[in-house]
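TrEMBL has this to say about the protein:
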- TRP161, GLU171, ASP188, LYS190, 255-266: substrate binding site (BINDING)
- HIS264: active site, nucleophile (ACT_SITE)
Amino acid sequence: MLEMLEMLQMVSSVDFSALLRAFVYSRTLASSPQFKNCAVLGTIYGQDAIVSLEKTHFDLSPNGAGAGAGDGNSLDLSTLIDLNNISLIQNNDVYFWSLSLLNQSLTQTPSVKLNLIYPATSQHIKKFDAGDSIIITETPYYYSKYVKPYIETMKGDRIKWVHNILYNNAESDKVIIKKENDFVLLPDMKWDGKTLDNLYLILIPYNGKEISSIRDIKREKHLDWLISILNTIQKEIPIHYNHQINANQLRIFVHYQPSYYHFHIHITNLKNNGLGNQISIGKAILLQDIIENLQNNIDYSTRNITYFIPENHQLWSNTGFKQEYETQDNSND
């Protein structure tokens with residue numbers, strides 16, 4: 001399996017197309033009419049695979065595909081829409097509804113962002129699988145008994161891709177900032193890499209292996225480091241993108257529970273609301289709030305943390321956590 005994963009890291013675009021052609025659909029994991037995305041489960045050569053699709057953002061920037069000639073502030077609808085293919089649905093007074101086709105090109109106006117996870121693990125599938133979530137309050141007792149042992153099972157080869165970014169130059173052509181022995185900052189796979197309104201970056205620190213989650217963050221050891229990272233993010237990202245985005249337009253946060261247990265920081269444009277519950281209260285914790293809590297001597301290892309968790313999450317459903325939690329909850333009624 002490890003040899004297969006290493007081979008897949010060198011897959012060319014041609015090989016990628018071949019993998020997609022070999023995809024055999026099994027079922028739909030998720031589909032959102034609000035966010036215009038979906039994820040489907042299938043197999044490729046007999047192994048589970050997940051394909052996710054997200055409709056791309058309209059690029060109306062001065063240098064975008066819809067920019068007209070002249071001063072860069074005009075918009076030519078015919079470059080975006082096939083004006084010869086419009087079907088009127090209805091009109092009433094000043095309101096018109098219609099269907100149309102987009103003028104598309106892979107370089108200027110791609111229609112969809114396509115991601116593939118192959119081979120996909122059961123954990124990958126559960127992450128995408130639509131299902132109900134519940135709110136729980138994790139005490140230090142529950143963390144010690146159930147969460148921490150679970151975290152240890154989710155390391156090693158499961159986060160080998162993180163090790164490859166840090167030490168084997170994986171995705172090196174996409175790296176925005178690399179500070180040796182400190183962190184690597186690069187685009188998240190959810191971003192198309194060009195639409196700043198949907199900006200999504202990920203910061204992966206070298207010491208993240210010893211910090212599985214916010215539970216491991218300590219005031220005396222990590223406060224100054226987190227302040228330095230925050231300052232770097234707020235200074236360097238606007239510079240990198242020629243000040244088309246400002247520091248006060250960046251949402252900088254971590255997750256609890258995270259999707260993988262090597263500490264990392266998410267950075268998105270505030271305009272990027274197409275992230276569903278990934279930016280919701282009970283999941284996302286602003287880095288500024290973490291810093292302030294540390295400054296006020298709040299120790300994440302000893303406090304209760306309330307968050308939502310999918311009912312099919314392995315931590316909740318397969319470790320005994322659910323049974324003891326619900327038994328205790330019922331005894332308090």
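Just so you know, glycine gets a Cβ as well, placed from its N, Cα and C.
The Cβ neighbour count for HIS255 (substrate binding site), using a 10 Å radius and every protein chain shown, is 18. Sparsest Cβ environment among the binding-site residues TRP161, TYR261, PHE263 (other Cβ atoms counted within 10 Å): TRP161. Cα to Cα, HIS255 (substrate binding site) and HIS264 (active site, nucleophile) are separated by 9 Å.
Neighbour counts of Cβ atoms within 10 Å were taken for the binding-site residues ASP188, GLN257; the minimum is at ASP188. A 10 Å cutoff on Cβ-Cβ distances gives SER259 (substrate binding site) a total of 11 other Cβ atoms nearby, all chains included.
Other C-beta atoms found within 10 angstroms of the C-beta of the residue listed as 'active site, nucleophile' number 20, with every protein chain shown included. Rounded to the nearest whole angstrom, the C-alpha distance between ASP188 (substrate binding site) and HIS264 (active site, nucleophile) is 11. Cβ contacts within 10 Å of ILE265 (substrate binding site), excluding its own Cβ and spanning all protein chains shown: 22. The two recorded residues, TRP161 (substrate binding site) and HIS264 (active site, nucleophile), have Cα atoms 13 Å apart.
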